[in-house]
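Peer 1: My questions all concern the structure below.
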Amino acid sequence: SKLAALFKHPLYNIPIPEVTEKDKLFVVNPMEKFSLHSSGSDEWVSSSKAETLLPTGKTAYDTYPTWLKFHVGINRFELYPRQDPLMPTLLRDLATQRIVSSVQKSGGTQLKLIMTFPNYGQALFKPMKQTRDQETPIDFFYFSDFERHNAEIAAFHLDRILDFRRIPPVSGRLVNITKEIRDITTDKKLAKTFFFSPAGNVCFYGECSYYCSTEHALCGKPDQLEGSMAALLPDKTLAKRRSWRSPWRRSYHKSKKAEWELNPNYCTQVRETPPYDRGHRLLDLIDMTILDFLMGNMDRHHYETFEKFGNDTFLLHLDNGRGFGTHSRDEPSILAPLQQCCSIKKSTYLRLQLLSTQPYLLSDLLREALAADPLAPVLAEPHLRALDRRLGKVLAVVGRCLAR
């Protein structure tokens with residue numbers, strides 16, 4: 001396994017700082033049992049009346065479902081550890097756990113569902129919109145592109161291979177529209193949008209600001225539909241998150257350009273503006289830029305952080321569905337923060353160099369990681385080959401910066 005060899009490499013074993021109690025998202029007493037009663041926020045709640053020791057001799061923590069262990073493990077420095085023993089189980093749960101509730105997620109431009117499992121775990125389901133070999137039409141604006149379920153799956157594995165570990169776990173899943181959505185939904189608005197197509201397939205379209213109409217309906221074969229299942233982060237009532245507007249956000253206008261596209265010295269003013277004027281926030285943003293360039297994702301207008309950790313923490317790389325839309329062309333403007341600031345973390349640069357060499361070629365590693373997904377093959381081969389080409393371009397930009 002090339003992946004196993006990669007994760008044993010010294011660059012993937014740089015220790016994180018010691019995690020103190022204040023560095024943990026949740027401070028949990030491992031002896032405290034969590035009750036099965038759902039609170040108003042759909043999370044498990046601590047039960048002070050529960051027995052502190054279980055008769056089996058295990059601690060209460062051992063009885064937590066995997067999703068809850070994932071939440072409890074989040075800290076200031078990482079969303080999940082490199083050698084995370086929970087990961088295979090968590091991915092399997094996302095792909096196989098029985099779905100007991102499906103409702104549409106409010107907000108957003110395209111249809112997404114929140115699915116709940118019997119153990120109160122929840123996942124965000126993005127349905128299949130286009131086939132693996134379809135490319136985004138050349139005349140499409142980035143803001144009118146489809147969100148792709150396979151991009152969400154591939155983004156999670158790519159983020160992990162780059163050692164960022166800032167995307168919540170995602171697995172592919174084949175969902176039965178009839179039994180796992182239509183028959184169990186309590187969402188009246190969603191329920192009204194189901195119909196049978198002329199071909200006899202079960203279809204639905206939900207309610208949203210784009211692509212929610214009979215012309216853009218999601219149809220099964222006859223009721224089987226592919227999608228991505230992303231583990232939800234802790235409820236915002238328990239762990240507040242802050243949303244930050246990216247300084248290199250695009251204009252989201254057909255003809256207007258953003259300031260960074262007109263001002264080559266734009267980075268100078270970003271460096272003087274909080275929170276980019278201290279700490280590693282700007283370097284973290286450049287990490288995210290590199291991830292987006294490798295995927296071809298132009299749609300990174302905001303990012304989030306956990307409020308508890310203030311400025312000194314990682315960025316969450318959420319919502320990656322507009323990645324992997326094209327393999328035949330690259331979008332150099334995504335790299336603007338790297339080009340304009342000429343800054344990169346040394347650890348990121350060394351890992352990128354490693355991933356451009358045999359036996360650690362980026363395309364080979366992602367191909368291996370995606371082969372284990374229930375919906376494999378997740379990406380068409382040209383997308384995997386494009387990664388190596390784009391990685392070469394990132395390293396060339398850093399080379400030019402070093403020369404300057």
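The backbone N, Cα and C atoms fix where each Cβ goes, glycine too.
Remember, it's a predicted structure, so these values are computed and weren't measured experimentally.
I grabbed these lines from TrEMBL:
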type	residues	note
ACT_SITE	ASP299	active site
BINDING	GLN110, LYS126, GLU147, ALA230, ALA231, LEU232, LEU233, GLU304, ASP319	ATP binding site
BINDING	GLU147, ASP319	Mn(2+) binding site
DOMAIN	194-403	domain 'FAM20 C-terminal'
Peer 1: What Cα-Cα separation, expressed in whole Å, is found between GLN110 (ATP binding site) and the residue listed as 'active site'?
Peer 2: 14
Peer 1: Give, as a single whole number between 0 and 100, the mean pLDDT over the domain 'FAM20 C-terminal' (194-403).
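Peer 2: Mean per-residue confidence for the domain 'FAM20 C-terminal' (194-403): 95 out of 100.
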Peer 1: Between ALA231 (ATP binding site) and ASP299 (active site), what is the CA-CA distance rounded to a whole number of Å?
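Peer 2: Rounded to the nearest whole number, the Cα-Cα distance is 21 Å.
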Peer 1: How big is the Cα-to-Cα gap, in Å, between ASP299 (active site) and ASP319 (ATP binding site)?
Peer 2: 9
Peer 1: GLU147, ASP299, ASP319: which of these recorded positions has the sparsest Cβ neighbourhood within 10 Å?
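Peer 2: Relative to the other recorded positions in GLU147, ASP299, ASP319, ASP299 has the fewest Cβ atoms within 10 Å.
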Peer 1: Would you mind checking how many other C-beta atoms are within 10 angstroms of the C-beta on LEU233 (ATP binding site)?
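Peer 2: Total other Cβ atoms inside 10 Å, all chains included: 21.
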